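Trainee: Handing you this structure, nothing more for now.
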Amino acid sequence: ATPVIDLKAESKSNPNQTAPHPAHLYPHLLTLIMMNEESPAPAEGAEQVEVTSPASATDAEADPNGPAKGKGGCCSSTKKFFLYDSTRSEIQAFYFNQFGRSILFISFMFLSLAILELAHQQAGCPKTENGGYENCGNTVYGFLPSSMLALMATIGGIASSLFMPYAGAVVDYSDRRRGFGKVCATLLVLVNFVQIFIFESTWFVMTILQAVVASAAFMANAMVLWSYVSAPDDHTLHGITASGRNWEVFGMLSFFIVVGIVQFTSGWD
């Protein structure tokens, strides 16, 4: 065995002795170098294990929505933007429902314009030069044509306020929550489909359907929808709601794009 020389110990045992010359250490250094050169190299084909720090493994498992190993961060960021925590089926249904509800919601804008125009026509109000209608003071079904939208909003608010306690009881205290949500979604689709056939003779019926049935079903569907949204922490909940809002905006933009394409290709005014 190679002896170990402790210079401090030697200097303390004999203070009058001078420190050894560096040449005194050369034989020991030469021995260490020779031992290092004679150490066997790893055999060819031997398995080499790559050591990973615990911190990096913890960071990779900390965020389930983070980029997977071997994949770029761009795709992962896009998935977080639109499909945050989409591994759960109820969250996927939440995103798809947000897309459909936004299309139903934005379609009411075109329906409201049709209701106003048909109400003014039935009241006999003359058109202006820019294509609008004058406020002639005539009434239809006892109301001014210009107040139809405000009347719809009032009736819809009353209908929703009367229906919401029942809807909340079904969601919170029964096992019919999923079936109740399906019924509300079906009513929304059916009412929206029927409103395609709005004419001079049917516009008032469509107004009642929109104010009473569609408004209450829309709010009840939202109640059922949000009852399925849960998250283990606030950060995940914020990501889910943000992705849901992105799906709403995407649905509205898609609706406008389809309407624009139909208008330009068909030549409708």
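Including glycine, each Cβ sits where the backbone N, Cα and C put it.
Okay, so TrEMBL annotates it like this:
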REGION    1-21  region 'Disordered'
REGION    40-72  region 'Disordered'
TRANSMEM  102-120  transmembrane segment
TRANSMEM  140-167  transmembrane segment
TRANSMEM  179-198  transmembrane segment
TRANSMEM  204-229  transmembrane segment
TRANSMEM  249-268  transmembrane segment
Trainee: Taking the transmembrane segment (249-268) as reference, which of 102-120, 140-167, 179-198, 204-229 has the most Cβ pairs under 8 angstroms?
Mentor: 102-120
Trainee: Thinking of Cβ pairs under 8 Å, which stretch from 102-120, 179-198, 204-229 has the most of them with the transmembrane segment (140-167)?
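Mentor: Between the candidates 102-120, 179-198, 204-229, the best contact partner of the transmembrane segment (140-167) is 204-229.
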Trainee: Six or more residues beyond either end and a Cβ under 8 Å away: which residues meet both conditions relative to the transmembrane segment (204-229)?
Mentor: 90-91, 93-94, 97-98, 101, 104-105, 108, 111, 115, 141, 148, 151-153, 155-157, 159-160, 162-164, 167-168, 171-172, 177-178, 180-181, 184-185, 187-188, 191-192, 194-195, 198, 237, 240-241, 244
